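Notes to accompany the following structure.
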Amino acid sequence: MQKNLIWFRNDLRVYDNTALHQACQNDTDKVISLFISTPKQWHNQSVSKKKISFMYYHLISLQKELLKLNIILYYHESTDFLNSIEYLIFFCKKHKVNNLFYNYEYAINERYRDYLVKKKLSQKGFLVKGFHDNLLFSNRQIRNQKNETYKVFTFFKKKVIQNLHNNIPQCFPVPSKRKSDRDIFLTSISLKNVNLNFNKNFFPVGEKEAINRLKNFCIYKFNDYFLKRDYPFLDATSMLSPYLSAGIISSRYCLKVLLKTKNSLPLNVLLTSPWFDQILWREFYYHLLIGFPKISRSESLVTWEKEIHWINNIKHFNAWKEGNTGFPIIDAGMRQLNELGWMHNRLRMITSSFLVKNLLINWREGEEHFISNLIDGDLALNNGGWQWSASVGCDSVPYIRIFNPLHQSKTFDESGNFIKKFIPELKNVPNHHIHQPHEWSKQKNFKIDYPNPIINYSESRKTSLSLFKQARLKLHKNGLKNS
């Protein structure tokens, strides 16, 4: 009989968990599991308090689900990754573990941690088994003709869909209940430093809750997703991002439920649908993270970005963070982030574009602020989104494209329903004036307790275009490539 240890990290689920499935293949093996928290490491990586809280409550939920399978989930608090490695080695010795099972993580610090774990445990005679679990296909399975990581989403998407037509990744079922063990018990998970600071009504706890949310979206919202997804006042998106980010649900299972609930539609229609596009963008950004490790250090993927002279006005940055820029759609989005730890995707694009191309603040400042506040914070997606907005990443928006807050506001929140929800100071402003409340305030001589715009949009746009153009030209004159 062998003793197998499952090392849970960013995969807090029992359904379709590759490491869990593989560890439970032999009915005679004893299976235990472990989660090691690393508060200092998370702090250094700017993981948000809301995400940590969300994760801890799901860890408790996972522990109860594992107990139903007669699998103990042990818990230990270390400080950082290096400290966690030493504890893992100690744990394996203490519990006489034979085999360690875990699912890969792809950021550079996590990859180095796993390299050290495998090296040190293997030297001590333990068998270490890692699995690709977070993505539909591994980076080695999706390569361009030069056997390199794709840099253009369209070509990446085409390759993935081609692979899916040939092979739909299968989901692993929940393992069968292990033989009863008198040592089975519920270990204590410390919540001494964790507050319930996320909205449980907005993001209910539990793998089953995530599964139900996915199924309800596919049944009731999928058909209208393309038409309604850009309107932040509508309940039109899946709201699955926190669950995907913490590994409470898998992208494979998202695809499985989509294909099952919409089985009357042709496969290619589903694989090219706008919602599945979002799953593929997630895959794309992860493949970039794997293929270009410097992304983990917030380095851009174009060389000319270093020539941009950022203004980095601290007062403007604080106004942006607090939702006090005087641009209603920007401020409503930022206040949604501050309140919920989540922001509608359209608003993420608008607010990030505004920070980088109108306020001319280094995109890394925005990246840091988002990741330290988002409940669905994810290095690959957050970095990819910010580099996209700043026009310095792979397949990014052209630098000449700058989101106009007024146009975006009128288009996607015409009646101001979303704006008034998060900016109560504007509750008395008529709907058709909500996008430029100060003009109405002057006309009616009605004072509103809301800041004036901190910049002139038109002037800031001209300045931005000039600076970005100069940066590209300067690099070109020096004989260097633009990307």
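Cβ from N, Cα, C; glycine included.
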Which stretch does Swiss-Prot mark as region 'Interaction with DNA', out of 150-157, 278-285, 286-293?
278-285
What is the separation, in Å, between the Cα atoms of Tyr225 (FAD binding site) and Trp363 (site 'Electron transfer via tryptophanyl radical')?
29
In terms of Cα spacing, which of the recorded positions Arg229, Ser238, Leu240, Trp310, Trp363, Gln408 are within 10 angstroms of Trp386 (site 'Electron transfer via tryptophanyl radical')?
Trp363
If one looks at the chain holding Trp363 (site 'Electron transfer via tryptophanyl radical'), which residues at least 6 apart in sequence have a CB under 8 angstroms from its CB?
Ser352, Leu355, Val356, Trp386, Gln387, Ser389, Ala390, Val392
Inter-residue C-alpha distance, Gln408 (DNA binding site) and Asp376 (FAD binding site) (nearest angstrom)
24
Among Asn109, Glu110, Arg229, Trp310, i.e. the recorded positions, the one with its Cα nearest that of Ser238 (FAD binding site) is Arg229
Among the recorded positions Tyr225, Trp310, Trp386, whose Cβ has the fewest other Cβ atoms within 10 Å?
Trp310
One finds that other Cβ atoms within 10 Å of the Cβ of Leu240 (FAD binding site) number exactly 20
Distance between Asp376 (FAD binding site) and Asn109 ((6R)-5,10-methylene-5,6,7,8-tetrahydrofolate binding site) at the Cα atoms, whole Å?
19
